[in-house]
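Some features that Swiss-Prot has for this protein:
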DOMAIN    402-484  domain 'RCK C-terminal'
TRANSMEM  6-26  transmembrane segment
TRANSMEM  34-54  transmembrane segment
TRANSMEM  57-77  transmembrane segment
TRANSMEM  86-106  transmembrane segment
TRANSMEM  108-128  transmembrane segment
TRANSMEM  162-182  transmembrane segment
TRANSMEM  193-213  transmembrane segment
TRANSMEM  217-237  transmembrane segment
TRANSMEM  240-260  transmembrane segment
TRANSMEM  269-289  transmembrane segment
TRANSMEM  292-312  transmembrane segment
TRANSMEM  334-354  transmembrane segment
Amino acid sequence: MNATTINSLFLIGALLVSASILVSSLSSRLGIPILVIILAVGMVAGVDGGGIIFDNYPTAYLVGNLALAVILLDGGLRTRVASFRVALWPALSLATVGVLITTGLTGMAAAWLFDLNIIQGLLIGAIVGSTDAAAVFSLLGGKGLNERVTASLEIESGSNDPMAVFLTVTLIDMLASGQTGLHWSLLTHLVREFGIGGVVGLGGGWLMLQMVNRINLATGLYPILVIAGGLFVFAVTNALHGSGFLAVYLCGLVIGNRPVRSRHGILHMLDGMAWLAQIGMFLVLGLLVTPHDLLPIALPALGLALWMILFARPLSVMVGLLPFKAFHGREKAFIAWVGLRGAVPIILAVFPLMAGLPHAQLYFNLAFFIVLVSLLVQGTSLPWVAKLLKVTVPPDPAPISRAALEVHVTSEWELFVYRLGAEKWCIGAALRELKMPEGTRIAALFRGQQLLHPSGSTVLEVGDLLCVIGHEHNLPALGKLFSQAPQRGLDLRFFGDFVLEGDAQLGAVSALYGLKLEGIDPDMPLSRFITQKVGGAPVVGDQVEWNNTIWTVAVMDGNKIGKVGVRFPEGSRPGPGLFL
């Protein structure tokens, strides 16, 4: 490879990445997922478009694994362990039982549609059986979904790859050796995949955390150390025949949920690296496919994709979530719809090609086609389906910017900046009248281009910028004070006519509003009553019906319900009482 060739590769790579980023700006306008646009750029530049011939499957496999490791590390860093209280076991059920059911149903349909034997059909089912972390993390961000739904989908996508990889490798071995039966040793292999991945991931994450917090380095080196450590955990786990994908996700989870030096620098760097990984991975996968090869299989492949989307995935979700009573029917329906397929099925489809199996090119083309249909149909309709099934909640008020304050090694102090809108009650109030959360301080106030020295007598005006020092757990309380309210009164319409304290006793509430207790302890707090009615760990947005009245969880205080919204039937709304 001479200098001219190397320079040409740099030029082509830079042009493709730049084109992907620039064209992705059309995503929100067209309502098409960014990943589809990046995939399309790769296809247009490929053999049937720009003429770039790329058929190096081992390189695609390498790029895909590297990119997924970075994406899962970033996803783990941003996943809060608190979300496990509502979604860990349901997500693991979907990641195991759900993948098995999807694989079986999709495999039987594939065998019938493409005249394959049952093992070959099941291999297709295994290849497309798991949801994709890159697609899920990318498309769910900022959609305002309730915590139970978001956490279930994210944890599922981060933990279901071991099952899909295990099934794919097992079925490839069976086809290569001519086996037709299953053995108990396969179950042992699966347990080993999960076990080694879990132990190495958690242990590696803890060691990385200690290393980052104890070693003094230049600030810019900490993100690189975390990325290198994550890839090391990924590689070691794979070498031990465990699940590297699960391990690197858990590694990020451990680091992201403990005080860590240069936290914001690490997150910002990983955000950019995760985007670069997604762009590079989907560009390579787009270049790898030959679009005209998809046309002969388009109709049966579309039928298989719709079968998986409309039947196999919904049935697997219904069975997988059957033991978990806290999930409403509409939440199950949404989780069933958002079975997003992305890079993982395409990467798994490279396995049969590298093994030299018959029909390997068919497996690859089918996987690519199903991913394309999934992203176009499910990804594009995600916001609309979320509203239709009512799984969205009003967004938490957030500062317009936030920055870390590295006061000490594991400092969690942050600087939050709020812009005061005209609708906030604090406009016209003096600073001394504000009920600031404990442990927070107003550090500065900007009015126009001028920096003011805030004092207790300073009166707040529309457009003021307030700089507040605090911790992440102070954000909900600070948001109520300073953030711009949701448009069109979304929070009032969503939570009901009044919002009651969770500590309010049922006896007082029922007496005030004329409700019937019917054997319920009048001293029971409203929060405990709603938790019992939900049937599991509650989240903001959970709704229950009692006394012909809708009760909605409005605020969570840790694991406990803090406030409850109440909506009365039309025409029977009583006067205000305990509401805030």
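All positions are counted from 1 along the displayed chain.
Cβ coordinates come from backbone N, Cα and C, glycine included.
Only pairs six or more apart in sequence are counted, and the transmembrane segment (240-260) with the transmembrane segment (162-182) gives three or more Cβ pairs under 8 Å, enough to call it a contact. Taking every recorded stretch in 6-26, 108-128, 269-289, 292-312, 334-354 and counting its Cβ pairs under 8 Å to the transmembrane segment (217-237), the highest total belongs to 269-289. Using a cut-off of 8 Å between Cβ atoms, the transmembrane segment (34-54) and the transmembrane segment (86-106) share fewer than three residue pairs, counting only pairs 6 or more apart in sequence.
As a quick check, the transmembrane segment (86-106) and the transmembrane segment (6-26) miss the bar of 3 or more Cβ pairs under 8 A, pairs 6 or more apart, so the two do not touch.
Comparison of 6-26, 57-77, 269-289, 292-312, 334-354 by number of C-beta pairs under 8 angstroms to the transmembrane segment (108-128) places 292-312 first. Note on the transmembrane segment (269-289): residues 16-17, 20-21, 35, 38-46, 52, 54-55, 57, 59-60, 63-64, 66-68, 70-71, 73-75, 77, 134, 137-138, 223-224, 226-227, 343, 346-347, 364-365, 368 of its chain, located 6 or more positions outside it, place their CB under 8 angstroms from a CB of the stretch.
With a cut-off of 8 Å between Cβ atoms, the residues of this chain six or more beyond the transmembrane segment (6-26) that come close are 32, 34, 37-38, 41-42, 45, 52, 276, 279-280, 282-283. Confidence annotation: the domain 'RCK C-terminal' (402-484) carries a mean pLDDT of 83 in the model.
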